[in-house]
Amino acid sequence: MGLKSDSWIRKMSVEKKMIVPFAEEQVGRGVVSYGVSSYGYDIRVGDEFKIFTNIGGTVVDPKNFDEKNVVDFKGDVCIVPPNSFALARTIEYFNMPDNVLAICLGKSTYARCGIIVNVTPFEPGFKGHITIEISNTTPLPAKIYANEGIAQVLFIEGDEPCEVTYADKNGKYQAQEGITLPRILK
C-alpha cells in the first residue's frame with residue numbers, strides 16, 4: 001500500500017501494460033528527462049497541441065466549449081504565447097489498475113521557466129492518453145519540447161478496493177485518444 005516504487009512501476013508496465021510505450025530507464029541527456037524514476041514516471045508530451053487564442057472572440061465555457069478558442073499546432077517545438085495556455089497529450093497510454101490512483105506534478109525544469117503543468121488525477125480503472133494543461137505564466141513566449149518530459153506521475157495504491165472505478169462509471173474521458181476538449185455528460 002502507499003506510494004509505489006520504480007520496481008513496481010516497471011513490473012506493472014512490462015507485465016500488465018500499465019504504461020505504453022514504457023521507458024524502463026530515466027532518459028535525461030540533452031532532453032527534458034522522461035521515463036521511470038525512483039517513485040514515479042516522467043511522462044512525455046506528444047507533438048500535437050491546441051493553443052488558446054482570442055481570435056474567435058468567444059468566452060471559454062467548460063459546459064459549452066467553442067473550438068474557435070484554440071488553434072491546432074503540430075511540431076517538435078510548440079511556442080506558447082505570453083500569459084497563455086495550451087493543451088497537449090501524453091505519448092504514453094495508461095491502463096490504470098482498479099486499486100491505484102495516479103497524481104501528476106509538473107517538472108521543475110519547466111516550472112523554473114514559469115511553465116505550470118496541470119493534470120487531473122488518473123482514477124482507478126482509467127484507460128487512455130492523458131490530456132495535459134500547460135500554462136505560460138511569463139510575459140515571454142515559452143518553448144515546449146515535443147517527445148520529451150513534461151510532468152511526473154506518482155502512483156498510490158489504495159488501502160482497500162474502491163466501490164466504483166472510473167471504468168465502472170463509464171467516465172466521460174475513458175479511452176480518450178489525442179487531445180480531448182472539455183466534455184459535459186448530457
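Counting starts with 1 at the first residue shown.
Cβ atoms are placed via backbone N, Cα and C, with glycine included.
Some features that Swiss-Prot has for this protein:
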type     : residues                                                               : note
BINDING  : Lys107, Ser108, Thr109, Tyr110, Ala111, Arg112, Gln152, Tyr166, Gln176 : dCTP binding site
ACT_SITE : Glu133                                                                 : active site, proton donor/acceptor
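The structure, with features from Swiss-Prot marked on it.
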| residue | record | contacts (Cβ under 8 Å, 6+ apart) |
| --- | --- | --- |
| Lys107 | dCTP binding site | Val32, Ser33, Asp42, Val117, Gly149, Ile150, Ala151, Gln152 |
| Thr109 | dCTP binding site | Val32, Ser33, Gly149 |
| Ala111 | dCTP binding site | Val117 |
| Glu133 | active site, proton donor/acceptor | Phe85, Leu87, Val117, Asn118, Val119 |
| Gln176 | dCTP binding site | Gly128, His129, Thr131 |
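Pairwise Cα distances among Lys107, Ser108, Thr109, Tyr110, Ala111, Arg112, Gln152, Tyr166, Gln176, the recorded dCTP-binding residues, top out at 34 Å.
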